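As written in Swiss-Prot, here are the features:
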COMPBIAS  1028-1054  compositional bias 'Low complexity'
SITE      Asp55  site 'Interacts with target acceptor peptide in protein substrate'
SITE      Glu376  site 'Interacts with target acceptor peptide in protein substrate'
SITE      Lys708  site 'Interacts with target acceptor peptide in protein substrate'
TOPO_DOM  1-14  topological domain 'Cytoplasmic'
TOPO_DOM  196-215  topological domain 'Cytoplasmic'
TOPO_DOM  255-263  topological domain 'Cytoplasmic'
TOPO_DOM  317-331  topological domain 'Cytoplasmic'
TOPO_DOM  418-485  topological domain 'Cytoplasmic'
TOPO_DOM  528-544  topological domain 'Cytoplasmic'
TRANSMEM  15-35  transmembrane segment
TRANSMEM  119-139  transmembrane segment
TRANSMEM  142-162  transmembrane segment
TRANSMEM  175-195  transmembrane segment
TRANSMEM  216-232  transmembrane segment
TRANSMEM  238-254  transmembrane segment
TRANSMEM  296-316  transmembrane segment
TRANSMEM  332-352  transmembrane segment
TRANSMEM  397-417  transmembrane segment
TRANSMEM  486-506  transmembrane segment
TRANSMEM  507-527  transmembrane segment
TRANSMEM  545-565  transmembrane segment
Amino acid sequence: MSDEQTKYSPSIAELARDWYHIPVLSTIILVMLWIRLRSYDAFIREGTVFFSGNDAWYHLRQVEYTVRNWPATMPFDPWTEFPFGRTAGQFGTIYDQLVATAALVVGLGSPSSDLVAKSLLVAPAVFGALTVIPTYLIGKRLGGRLGGLFGAVILMLLPGTFLQRGLVGFADHNIVEPFFMGFAVLAIMIALTVADREKPVWELVAARDLDALREPLKWSVLAGVATAIYMWSWPPGILLVGIFGLFLVLKMASDYVRGRSPEHTAFVGAISMTVTGLLMFIPIEEPGFGVTDFGFLQPLFSLGVALGAVFLAALARWWESNDVDERYYPAVVGGTMLVGIVLFSLVLPSVFDSIARNFLRTVGFSAGAATRTISEAQPFLAANVLQSNGQTAVGRIMSEYGFTFFTGALAAVWLVAKPLVKGGNSRKIGYAVGSLALIGVLFLIPALPAGIGSALGVEPSLVSLTIVTALIVGAVMQADYESERLFVLVWAAIITSAAFTQVRFNYYLAVVVAVMNAYLLREALGIDFVGLANVERFDDISYGQVAAVVIAVLLILTPVLIIPIQLGNGGVSQTAMQASQTGPGTVTQWDGSLTWMQNNTPAEGEFGGESNRMEYYGTYEYTDDFDYPDGAYGVMSWWDYGHWITVLGERIPNANPFQGGATEAANYLLAEDEQQAESVLTSMGDDGEGDQTRYVMVDWQMASTDAKFSAPTVFYDESNISRSDFYNPMFRLQEQGEQTTVAAASSLKDQRYYESLMVRLYAYHGSAREASPIVVDWEERTSADGSTTFRVTPSDGQAVRTFDNMSAAEEYVANDPTSQIGGIGTFPEERVSALEHYRLVKSSNSSALRSGSYQRSLISEGNTYGLQPQALVPNNPAWVKTFERVPGATVDGSGAPANTTVTARVQMRDLTTGTNFTYTQQAQTDADGEFTMTLPYSTTGYDEYGPDNGYTNVSVRAAGGYAFTGPTSVTGNSTIVSYQAENVAVDEGLVNGAEDGTVQVTLERNEQELDLPGDSSSEDSSSEDGTSDGSQTNESASTSTSASVDASAVSAAA
């Protein structure tokens, strides 16, 4: 090497100093990827790929479609939300296109379904790891390379929502959102900085001076493209446009007040948002203004922000040319915005209401009751979540971020305060100190914002947010803030608000926390004692300086992120390594039932023998009400399970995790009789197509008050009812010295719970159920402040009492207002009548007893009422039960006494679980002794029907024929008179509607001599009114027998 080459060749030390961040960042990415892929094998079960959650399954459908139609995404999907269909909305986005492209590349243009599924399986881990790149780059701009790497390390170690959404298997679009938002924020920051440096103004634009405008124009266009790509991944990403718009107002008003031209910032806003708006016209799917779908809202709102930037710049020019006092400019800007909002609300009220509602439930701490039934949409510090986890608010934050949230908040405070205090202006310093004091008061005295909120009728958190926002605006108007830092501050504030409004947005907040800590590290290194901010040579660094930095970093990172710690009563925190263990979850318990449905029910379009099979991956054009062919049908379940039904069952759910059909599903599943359920179905669709719903799937969680049962009560709107109409909490207290604690808690169910359709299906399989002589007793207690009353088990410890007969139980309840019959387990308060058009056709192989949550629920209920949990387990507690809605076989009966009760019974055999149950239905005879029934269970003809001819291959079959019994009476002294018809066959074709006709049943009168000592039989048979004309009917005898069995089970367990 020549001397000249040696002279200009960089040394190893120089290379390390210039490029050390590359290997460090690469290592961080690899570690993040490894952590996120550790559970890969858990998602491959017997060669089948599973995913966790619900939305990932619909992304699988979208990716499969895009692979078949690359690069197009599905424009409309009739395979969900029967009988309407819907657009994919925030599914079928650039995320699905990227995954499909990867699968096509790896599969050499023809990937197998297994490869497509595995590509989607690992996608969240890849995007989660790659999010560290924009995080580092933003952190580098705020805190230098060392700060950027510190932020990257924090992101790597976070164990909370950001990690969970980026784990293998959680293939929702969530984790791709912060990835693309990060790059959009970065591009906007660069564009703003370039504009501050190059200073583009109107004169340069008018003169078309491209040389002067080239750099700000280039970066503004890139910022617009990056923002559009972010919204292509998630249409509600319009939030970032709103954040940028808010920044533009603050920055341009501040610049003008402080004597700078607002046109530099306006240039970035106008160009970038125009580009974003134009690009957002490309993916429009439906001509509407919905926030969650690709419609007109995204492009028009973006163009509105661009136009607003131009207007504010023009207003500033007019202000200056007319020599108006610049101090009034911000007030006029604020007034103009207010007038614009009012006009918008008047001209387009529905659009305004939609935007305002979504804004408040996203960042305004105002998520509604229906939204809060979604676990990921609950407030981050929701009281019920903290209580159930035994956590404090600080403990909850610590479990998610460790100390990094608090150090990030400190960085944000310093970012606001630094420009105020650095000039030594006492007024500005006083403002900063006063603002911090006020924020501290709001935090330490929550009753203050609560009182203001109560007076104004708004959430206390929204009051605090408004006050803090006003303080930040005041600070911005008084000091000089770098454009990109002010933008980051506004972005951080809104994202923090969103994360505390809905817990899911913590996967965004993780990036904010990381970059704010990057900024904090740089500021800390610049403290005189440390003095490392501008060090160029390692020789200039002392051991004391290094030790100070290392100790500070370890204090931030070690608790929670590196070493788990105890968080109050909420248990021990988890590190990222510990929290990365995951699996597919409940879907594996549904898979068998959905596979059965795919193979044993008619294909869509072929029900009843029709020949209109729907193409599963077909291309369907947008419509607001899809015209389904004859033979298509819906499958009703709670909306959580809709995507599983679509993808794993290849059937069309009525409701889905888009919450489409959620209200109708709630009204149907909680219907108190078949007539109400039928009216719900016929109300769906203009021509009542909802009546073509053929199957209902119910799992144990839907029927459990400790799981999902409460969710439909929030959506239900058929009448004004609430959760308390179905069940109420019951507590068992325990005295420990002078302290009283809750030893156990469960629920006491009302009759309305047992009469809801989904409970009648899951618990009783549509059969009638008699009340049992079991009484639950309680005491009323009042809370310490006297505002609430609640139920506790009696102080003598006996919460459940059993009686020999119903009369005795009813007499006890009549004399004790704090007691009721039944209300625990599957024991109703009153008789529950049979369903006529629903039959169990399949139980899952898996039992609910495999669920830890189900077991804990049984144990808790048993402990509350002093019972063994076994007494509360229903017959056949399968995880999932599938029912068919059938016309039913009509029975025309005769031969019974007039105006009496006839009971039909048949024993059914569940071929999957190997258990038996008896279906029972009763009917009243007329004056001629005739009766009519509609029976949903058949006894013969199973082999003649199946999916090949448009019907169901049922997995629940009769063990014999029906038995029909009329009243039993004792006449004279020794003759028993009964009416019976045994082993009556009901053909499958009559039940499923394939055949016309009725079942004719004639009850035969039987007499049998009863040989009893003495003449007491006639007295025993007398009714309460003194008659002996057969008043002791078979119905009452059946009730007595059933009651004694139930009562003995509970009594033995007590």
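Note: Cβ is positioned from N, Cα and C throughout, glycine not excepted.
Sequence features annotated in Swiss-Prot and their locations in the structure.
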residue: Asp55; record: site 'Interacts with target acceptor peptide in protein substrate'; contacts (Cβ under 8 Å, 6+ apart): Phe91, Asp172, His173, His643, Pro657
residue: Glu376; record: site 'Interacts with target acceptor peptide in protein substrate'; contacts (Cβ under 8 Å, 6+ apart): Gln502, Val503, Arg504
residue: Lys708; record: site 'Interacts with target acceptor peptide in protein substrate'; contacts (Cβ under 8 Å, 6+ apart): Trp638, Asp640, Gln701, Met702
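Sequence-remote contacts of a segment are chain residues at least 6 beyond its ends whose Cβ falls under 8 Å from one of its Cβ atoms, and for the transmembrane segment (119-139) they are 21, 25, 28-30, 32-33, 36-37, 40, 43, 49, 51, 56, 59-60, 63, 95, 98-99, 102-103, 106, 111, 147-152, 155-156, 162-163, 165-172, 174-176, 178-179, 182-183, 185-186, 189, 488, 511, 514-515, 517-519. Each of 238-254, 296-316, 332-352, 545-565 was scored by its Cβ pairs under 8 Å to the transmembrane segment (175-195), and the highest score goes to 238-254.
Segment contact holds for the transmembrane segment (507-527) and the transmembrane segment (142-162), given three or more CB pairs below 8 angstroms at sequence separation of 6 or more.
Counting Cβ pairs closer than 8 Å to the transmembrane segment (142-162), the top stretch among 216-232, 238-254, 332-352, 486-506, 545-565 is 545-565. Under the three-state DSSP scheme, Asp55 (site 'Interacts with target acceptor peptide in protein substrate') falls in the helix class. Averaged over the topological domain 'Cytoplasmic' (1-14), the predicted model reaches a pLDDT of 60. In this structure, Lys708 (site 'Interacts with target acceptor peptide in protein substrate') belongs to neither helix nor strand by DSSP; it is coil. Within the same chain, the transmembrane segment (397-417) stays apart from the transmembrane segment (332-352): fewer than three Cβ pairs sit under 8 Å, each pair at least 6 residues apart. The transmembrane segment (238-254) shares the most Cβ pairs under 8 Å with 486-506, out of the stretches 216-232, 332-352, 486-506.
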